[in-house]
Structure formats: structure tokens, C-alpha cells
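**Q** The transmembrane segment annotation in TrEMBL covers 62-85, 97-117, 129-155, 167-190, 197-214, 226-248, 268-289, 324-344, 351-377, 389-411, 432-451, 463-483.
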Amino acid sequence: MATTPTEKYDWEDKERVDVELVEQGGYKDRWTRRLLKIGVEARGIQPVPDHERTDTQYSKIFFLWFAWNVNILTFSAGTLGPVAFGLGLRDTCLTILFFNLLCCAFPAYFCTWGPKLGMRQMIASRYSFGYYGVIIPCIFNLIGMVAFSILNSIIAGQALASVTTNLSWAVGIVIITVISLLVSFCGYNVLNWYEKLSWIPVLITFIIALGVGGKHLSNPPPAEPATASAVLSFASTLAGFAITFSGLSSDFTTYYRSDVSGWKIFTYSYLGLLIPIVTLQCLGAAVVVNVPFVPAWEEGYAGGTDVGGLLEAMLHPTKGFGKFLTVLLSLSVAGNIAATFYSISLNVQIFIPFLVIVPRYVFSIVATAIVIPLSIVGAHRFYDTLLNFLGLIGYWASAYAAIILIEHLLFRKNNPANYDEKLWNMPKRLPTGLAAVGAGLCSVALIVPSIDQVWFVGPFAKTAGDIGFEVAFGVSAVMYVPFRYLEIRIRGHV
């Protein structure tokens, strides 16, 4: 693809900045300079100054989120409505639609902060959680990202293994994870280029699967009337899928021009999240309710443990071409894992601040070394892992989103000028974080009795269903206001 003079200038300017970062970090060497020359991004968590925010290809954020979510894991999350919560197809799809309309708005809004602040998501969070306090949500964010990478690796490995008996789940996991590493290793430019293209064959494959197996989806079996408890519990799981993107949203928008319309970035991001999530989750629900009536699907599904095998069974009527399409589906998660590895590499530098001198791409290798063995170990408990993980991960993300929203809208007056980028690594000039951490801890007291998990059902949840997501958001938002006012009064500044 030819580049315009502006794009060429931007690339060269970015390369110069990366070289400066290398020299400032003290890790200048021939290997690093060679990587920079071929386009590998070195910049880590350092804020991007306004004059270096030059990217005007704003549609890239749409394609990033779209490619991130056009994959088998999104399909799998939709199957949980009928499989885990006993919901019929209509109730499952309505829950998917309305709760994703809400939950996708949070990460889409946080994407608008990148161009205005030039800060990665967890760096911007230091302005409410403080230099040290932000380590707590950063730990939860890291756990969530690693867990998502594990789930994606498992399901992709299953899909690859379903194509041939000569390939095990473990080998499939390694193949997918290494491909993801190569993309995330290179950083911003290569990642965006990959995400802009990778969704096309995957979407075509899902359309073919729908065309081949659609005749089995026309008459869904009748279902028992949905209970409020089942709907809210499934909704909590959906929240764990979508709202957790909040912890890494602006990681991918910090190079955009600061004068871009916030509505433009929000719209691109919101649609990039909402369209694939709602569509594929509803497709997953439609397929799984019909599995008992299609013997070939039931055999591929292997008693509810092999979603990759289920998709291979759907594509099987196309013979050898179906196996090729299944391989494409398995590769669909590479875009998700690669973008997640990218954010993991940034979060590690925030979690352990002195590691800021280490090049960002090194931590992509570390993430790969962690994800591969854990994926292989957990491969045979995919559904249990998916259900428990998505149910839990939404609680902290909901509290986190509430706190940084209140800080931004109430205390920072929705004004980027109230974020002094020079303070990003000055613990004494940033908030103490006690107000944010205190508000989050207060919400725990009500979250626990409100959750409905396999290992624990709280007294509130026994009658209302899992409302931990809603409680976490409400309590954290309410408690943060007086705590933060008190902190500002004592310190004399925000």
C-alpha cells in the first residue's frame, strides 16, 4: 500500500521518537536499533506529547475492536445463556442486546481519552488511583487479560485440533499463541495493520457456517419462561466480557491527533465493539440450542466441552474446504490475543514501575511464556473456566469504571487541561489513591452478598440473581465522591 507524504513523515517522526526513548531508557544497543528500523514500537507507558499525536486514520480503532471480537470466544460467550443459565433463545438474545448496548459504552468512551491526554489507560488512571494505588486495578487488569488470552488460546487450539487427528490441543495452542506474539511484538503500526485485515476471512467463514447450518436454526425449541435471576446472572457474565475492555481502551488511541472529535472516536469504538459482540453472541446462542437436534453437531460439541469442534461440525458439509475454514476460525483469536499482549506489556510497566526502562516488546514474550503452559493445563475445563472467569472479572471492572468516570466528569470537569501530563510519574503530586481504593473496598461489602457463582451464592443473589456488577458500579461511584472531596480538602489540590 502506498503511503502519502504525511503518513511517511509521521512514520519517520515516530521512529525518531522511539530512538530517543531507547536512549533515555538506557538500553541502546544494535539489536534494539535494528528492531526500530523495521518498525517495532519501543514506546511504553510514557505519555505521547501533543505534537507527536499525528495519526489521522481514526477508523483504525473501529477495525481493531471489530477484529478483536470477530472470533470464536465471542461466539462461545453467547452459548452460556442457554447452556449455563437455562435461557431460551429469545431471552438470551434480548439480554445480549440490551446489556451490551450499555456495557460497550464504557470502553468506547474511555477510548476518547487517548487523543486528548496522550496517556495509556492505566497511566490516566493514576490521576484518580494515584501512583501506587493504581497497582491494584492494574493487577486485576493483568489477571483479566492473561485469562482472556488463555481462553482464546484454548478454544483456538481446540479448533485447530478438530481439523486433523494428528494435531493435539496443546500443539494448536502453541501455534496460535506464537502467531499472536509476532503481531504484538511489533507494536502499534503492525498491530493496527493486522487488525484492519484479519477480520475479513473470519467474517466470511462465519457467514458460510451460517449458510451451511442455517437450516437447523429456523425453528428453535420452546424454552421455559425466563426468571429475573437467570437473566441478571447471564447479564453479569456479559458485563464481564465487554466492560473489562475499559482497563485498556486508550492504550490504542494515544497517537491520534488531539483535535479529533470525541464523538468520532466514541462512535468508531462503540460500533466496533457492539456489532461483532451482539451478532456473534446471538449466533452462538442460536447454534447451541439446536445442538441436541443435529447429531453431527452434538458429536463435534463433545458433550459441551469443544466449541471449536462444534464449529468444525457446522462446516463439515463443505468437506476439505470446511477444514480450511476451521483453520481460519482458529486464527481469528490471534487478533484478540495480539492486542491483549500489547496491553499486557504496558500494564507490566505500571505494575512494576522501574521496568519502564525495559523495551515494551520484551513483555510480550513474557506474556506468551505464561499463557502457553496455563492454556495447556486448563484446556479440558474450558466451559467452567469461561463461566467462572467472566462472572468474576466484571465486578472489579465495574467499580474501576465508576471511579475514573466520577474523577473525570466531576473533579476534572471533563477537561483534558486538568490532567498535567508532567505529573504522570510523580507520586507526591498525584492523588494518594486512598479515595479510589477506599471506594472500591467499600463496594466489596455489598458485592459479596450480591454475587451468584458456582462456588458461592450470596443472600441477595438468591432472590435477585447476580447483581454484583450493578452494585459494584453504584456503591463505588457514591462512595468515591465524599472520599475524594475529603482527600482534596486535606491536600489542597486535586
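Glycine is treated like the rest: Cβ placed from N, Cα and C.
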**Q** When you scan the chain for residues with a C-beta under 8 Å from the transmembrane segment (351-377), skipping those not six or more beyond its ends, what do you find?
**A** 22, 25-27, 32, 35, 40-46, 131, 135, 138-139, 142, 146, 149-150, 153-154, 157, 169-170, 173-174, 177-178, 180-181, 184-187, 337, 341-342, 344-345, 425
**Q** Residue list, the transmembrane segment (432-451) vs rest of chain: Cβ under 8 Å, 6 or more residues beyond ends.
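**A** Result: 128-134, 136-137, 236, 391, 395-396, 399-400, 403, 407, 457-461, 464, 466-468, 470-472, 475-477, 479-480, 483-484, 486-487, 491.
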**Q** Name the range, of those listed as 97-117, 129-155, 197-214, 226-248, that has the largest tally of Cβ pairs under 8 Å with the transmembrane segment (268-289).
**A** 97-117
**Q** Out of 97-117, 129-155, 167-190, 324-344, 389-411, which stretch has the largest tally of CB pairs under 8 angstroms to the transmembrane segment (62-85)?
**A** 324-344
**Q** Near the transmembrane segment (226-248), which same-chain residues lie under 8 Å Cβ to Cβ, leaving out any that are not at least 6 residues past its ends?
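**A** For the transmembrane segment (226-248), the nonlocal Cβ contacts are 65, 74, 77, 80-81, 84-88, 91-92, 95-96, 99-100, 103-104, 106-107, 110, 121-122, 137, 140-141, 144-145, 148, 273, 277, 281, 340, 343, 346-347, 387, 389-394, 397-398, 400-401, 451-452, 461, 463-469.
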**Q** How about long-range neighbours of the transmembrane segment (97-117): same chain, 6 or more residues beyond its ends, C-beta under 8 Å?
**A** 47, 53, 61, 124, 235, 238-239, 241-243, 245-246, 249-258, 260, 262, 265-266, 269-270, 273-274, 277-278, 281-282, 401, 404-405, 408, 416, 419, 421
**Q** Which range out of 167-190, 197-214, 389-411 gives the transmembrane segment (324-344) the most CB pairs under 8 Å?
**A** 167-190
**Q** Can at least 3 Cβ pairs under 8 A be found between the transmembrane segment (129-155) and the transmembrane segment (389-411), with each pair 6 or more apart in sequence?
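**A** They do touch: at least three Cβ pairs between the two stretches lie under 8 Å.
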